[in-house]
Structure formats: structure tokens, C-alpha cells
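A.B. asks: Taken from Swiss-Prot, the feature Zn(2+) 1 binding site covers Cys140, Cys143, Cys197, Cys200. Residues or ranges marked as Zn(2+) 2 binding site in Swiss-Prot (evidence: sequence analysis): Cys157, Cys160, Cys183, Cys186. Under the heading domain 'J', Swiss-Prot lists 5-69. Swiss-Prot lists 140-147, 157-164, 183-190, 197-204 with the feature repeat 'CXXCXGXG motif'. Sequence annotations record features per position, and here Swiss-Prot assigns zinc finger to 127-209 based on sequence analysis.
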Amino acid sequence: MNNTEFYDRLGVSKDASQDEIKKAYRRMSKKYHPDINKEAGAEEKYKEVQEAYETLSDTQKRAAYDQYGAAGANGGFGGFDGGGFGGFEDIFSSFFGGGGMRNPNAPRQGDDLQYRVNLSFEEAIFGAEKEVSYNRESSCHTCSGSGAKPGTSPVTCQKCHGSGVINVDTQTPLGTMRRQVTCDVCQGSGQEIKEKCPTCHGTGHEKKTHKVSVKIPAGVETGQQIRLTGQGEAGFNGGPYGDLFVIINVLPSQQFERNGSTIYYTLNISFVQAALGDTIDIPTVHGAVEMSIPAGTQTGKTFRLRGKGAPKLRGGGQGDQHVTVNIVTPTKLNDAQKEALHAFAEASGDKMVHPKKKGFFDKVKDALDVD
């Protein structure tokens, strides 16, 4: 057996996270569960999935498996180097009972879920309330999560006698060692369901569409998360639901940009407004604000509108809006505008690379030699 077969059984990569391994296990175990899949070979596949998950869900066993393969995960090495004592630690731990084993019958919280919600630029600044709808594993409505057919109850597992674990003998360099593994009949619950629920087929869960209202505070930004306790997937053995993490994605604005509580706006003005000054209505998310542009304003000059930015999530208060001036140079001029600009250049003493063309009256004066 190569060192990737267990990963292949679950359909995950070798660098998969524990969360990815857990989700893959749940998906594959449902796919091949003998009570659901009646095809030939499904039961064998189911056992292979159980074996793979038993190893990969345990960090120490997984490390030994990655290094030595199945023999390493089970404590039976063919050899080791100076850094390969992790497997022997597992052996002694199993033999002497060190480290203990998590109670498989204990209630376990359900998996967490993520949901991405899009907000407009303004919604992120002022806050909003959104109703989100998503599919999740919920407690079965027929059996209330017990997995048993209504009117019946689970019985003590005959293989593990309710402990949820069984003893397995393993051949190691030190001889035969006995270790405890999760019971493959009850999957660690300690109970066996003789008559399974017709809705959930004994899992105790069913996929349902769930809706929840999310209050989004003012001032949120892209990437921030809101945690909703108990809105994730159903737990196990009577454990609580997991949590829902709502991930914020703020859509861009056509007018503004934002960094934290500061909003940025680019104001395009003419060179006449820049030279002579003007009073202009500036758009903000809070409404238009009148702002004075002083005479002689240069392009790139930034003005601050205090309190016209986004709320500060921490510390309270309101950010500012920065208004940066951009002087727009006209690309098309009529004759009157050109004459006026040439006159301005002459009055300013500017030397033109291309002097202005003579007008009709100038040409007449030249022809008559009149000053």
C-alpha cells in the first residue's frame, strides 16, 4: 500500500486539513453506507473509508502513515531513522493506556459553515439586515435525531457492548500489541439501530434549507466575519449545532474608494476653477456637502471633510472623507477659447512654442502696413 491510498479513499489531497478530511469522510461514508447503497462492493468500500478516516483523523497516526505507510500507522515498522520514534510512542501509549481516548459516546458539536454575503458600498457603511438561505445538515424531523424508526429505540451495540471502541491486536517489532479503535458497527456511538428511520436511514440528520436573519453592523469591510452561534450543522450524540460564519464582501462604488473609516473621492475641476477658485457641492455617502476651492489650487491637492467617512468599528466615532483635486485639461477648444488662452499667455509673458495664428484683421493690418 502506498502512502497516499488512505487519502485517495476519501478523495482528498495529502495536504488536506482536518476539516477537509472530516467532511470528505462524512460524504464518502454516506455514499457507501450499506443501508443506503445496495450495490455489490459498497460494504467493503464503506469499511475502507472507515479504516482511512480512523488513521487520518488522528494526527499522530497520520504522521506515522505519511512516513511509513499503513504499517507505521498501525505501529508495525520495517525500520526507522533517528527521528522516527513517533510510532513507538503510539505503541507504548496504546499498551499502557497513556494519553487516554476521547469518549466516543460524548456529545459532539456539529460542523461549522461559511456563507458569503455581498453588500453594497453604502450598506457596509450604514449597516444592514440580511436574510440568508443555505442548506445544512439538520436534526431529522422524523426521528428527532435518534436515527431509529419512530416507536423504536437504539439498542446497546453487541460488538463493543456500548463502549464505542473495540480492541485490535497488532503485530509490532515488540510483539503483539493491543490497541483500541472506534467500533466499526456503531461508529463509536455505543448503540446499534436495528430499525432505522426511513427518512434519514439511521444517520439522525437530514439536509434542509435553513434561513436566518443577519444583523450587519455599520462599518464592516470585505473579509470580516460575523459568527452566528448554533446556525451551523447538527451535532452528534445530542451535541449542539455548529456555528455559521458570515463572510462580508463589499461591492465597489462607482464614486468612492475606502480604506478603513476613511473614504476617498476624486474631484475633477477645470483650470479656470482651479485658478479663480469656486464653491462646489461634493457628494458624500451622507449627502452633498458644500466645499470651497481656493484660488490657485493645484492638481493633487487634498481636502478633508471631517466626519463624512465610515463609522469606526472599534473606538466609535466617524471617519473622514478625503477629496483630491484633479484639474482637467480640455481637449477640444473653439476659436474664442483659443483666442482667450493666447491672450492670457501673452498677458502672463509666456512664450508660446507655437505662436497663435493671425486673425483676419491682423492680416489686413499687415497688408496695409498699419500699426
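Positions of Cβ are set from backbone N, Cα and C atoms, glycine also.
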A.B. asks: Looking only at the repeat 'CXXCXGXG motif' (140-147), how are its residues distributed among DSSP helix, strand and coil?
C.D. replies: 0 helix, 0 strand, 8 coil
A.B. asks: To see if you understand the setup: which same-chain residues, six or more apart in sequence, place their Cβ under 8 Å from that of Cys186 (Zn(2+) 2 binding site)?
C.D. replies: Cys157, Lys159, Cys160, Gly164, Glu192
A.B. asks: Quick one: Cα separation, Cys200 (Zn(2+) 1 binding site) versus Cys183 (Zn(2+) 2 binding site), in Å?
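C.D. replies: Cys200 (Zn(2+) 1 binding site) to Cys183 (Zn(2+) 2 binding site), Cα-Cα distance: 21 Å.
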A.B. asks: Let's check the environment of Cys140 (Zn(2+) 1 binding site): how many other CB atoms sit within 10 Å of its CB?
C.D. replies: 21
A.B. asks: Could you round the CA separation between Cys140 (Zn(2+) 1 binding site) and Cys183 (Zn(2+) 2 binding site) to a whole angstrom and send it over?
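C.D. replies: Counting only the Cα atoms, the answer is 23 Å.
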A.B. asks: Starting from the Cβ of Cys160 (Zn(2+) 2 binding site), draw a 10 Å sphere and report how many other Cβ atoms land inside it.
C.D. replies: 23
A.B. asks: Reported as an integer number of Å, what is the Cα distance between Cys183 (Zn(2+) 2 binding site) and Cys197 (Zn(2+) 1 binding site)?
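C.D. replies: Per the Cα atoms, Cys183 (Zn(2+) 2 binding site) and Cys197 (Zn(2+) 1 binding site) stand 21 Å apart.
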A.B. asks: Under 8 Å Cβ-Cβ from Cys197 (Zn(2+) 1 binding site), six or more apart in the same chain: what's there?
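C.D. replies: Listed in sequence order: Cys140, Thr142, Cys143, Ser146, Gly147, Ala148, Lys149, Pro150, Gly204.
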A.B. asks: Can you tell me how many other Cβ atoms are located within 10 Å of the Cβ belonging to Cys157 (Zn(2+) 2 binding site)?
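C.D. replies: Result for Cys157 (Zn(2+) 2 binding site): 21 other Cβ atoms within 10 Å.
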A.B. asks: For the repeat 'CXXCXGXG motif' (197-204), DSSP counts of helix, strand and coil?
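C.D. replies: Residue counts for the repeat 'CXXCXGXG motif' (197-204) by secondary structure: 0 helix, 0 strand, 8 coil.
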